[in-house]
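Structure record follows, encoded as structure tokens.
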Amino acid sequence: MAAALKQRFDNALHEKNMVTDLLAKIEAKTGVNRSYIAYAVIAFIAIYLVIGYGASLLCNLIGFVYPAYISIKAIESPAKDDDTKWLTYWVVYGVFSVVEFFADIFLSWFPFYFLAKCAFLVWCMAPTPSNGSIMLYTRIIRPFFLKNEAKIDNVMKDLTDKAAGAADKIKDEAKKATANIMFEEKKHY
């Protein structure tokens, strides 16, 4: 198992893309194998996520930048399988963000929290057929949604109606205020 993972990692380091091109240049200049360079970068990021200033920002960038980039590429591609994969990631990311918001007061006390969060997000975006986001969606989020879909639809409709009513009220108030301002300006001329 470990040998197979190492082989997949090494194969990924030799695929043609921007990161592997940079690794190839560093490997050529230093003579250090690109897998060792990648391990060093991963170790540095892991240590930084534990003790570094701005670990929260780094973790959120890791969980956002690559998935956002790949999501845009998926939208622009003719295939729809990749769209579903990345929509699933964003649903899980959103649910995780809401849960994290409410649990943050407890989670911030754990010294390895940002490292664990980053590992979780990388697991969710892993380029495998059954990565973390797909597993969490199919086992937890989807069953919950299907069980409560009618209730959720009613709540969403109620919120939409209230938001539309509030927007109409604000629009009417803005029209009245504009009319009053124009009336006051005409009185001065």
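Don't overthink the numbers, they just go from 1 along the chain as shown.
Cβ coordinates are placed from backbone N, Cα and C, and glycine is handled just like the others.
Taken from Swiss-Prot as is:
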- 1-34: topological domain 'Cytoplasmic' (TOPO_DOM)
- 52-57: topological domain 'Lumenal' (TOPO_DOM)
- 76-94: topological domain 'Cytoplasmic' (TOPO_DOM)
- 139-189: topological domain 'Cytoplasmic' (TOPO_DOM)
- 35-51: transmembrane segment (TRANSMEM)
- 58-75: transmembrane segment (TRANSMEM)
- 95-115: transmembrane segment (TRANSMEM)
- 118-138: transmembrane segment (TRANSMEM)
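Note on the topological domain 'Cytoplasmic' (76-94): residues 63, 67, 70, 121, 124-125, 132-134, 136-137, 141 of its chain, located 6 or more positions outside it, place their CB under 8 angstroms from a CB of the stretch. On the 0 to 100 pLDDT scale, the model's mean across the topological domain 'Lumenal' (52-57) is 88. With a cut-off of 8 Å between Cβ atoms, the residues of this chain six or more beyond the transmembrane segment (118-138) that come close are 45, 49, 58-59, 62-63, 66-67, 70, 85, 88-89, 91-93, 96.
Residues 45, 48-49, 52, 82-83, 85-86, 89-90, 93, 114, 117-118, 121-122, 124-125 of the same chain lie 6 or more positions beyond the ends of the transmembrane segment (58-75) yet place their CB under 8 Å from a CB of it. Below 8 angstroms of C-beta separation, residues 114 of the same chain, each at least six residues beyond the ends of the topological domain 'Lumenal' (52-57), sit close to that stretch.
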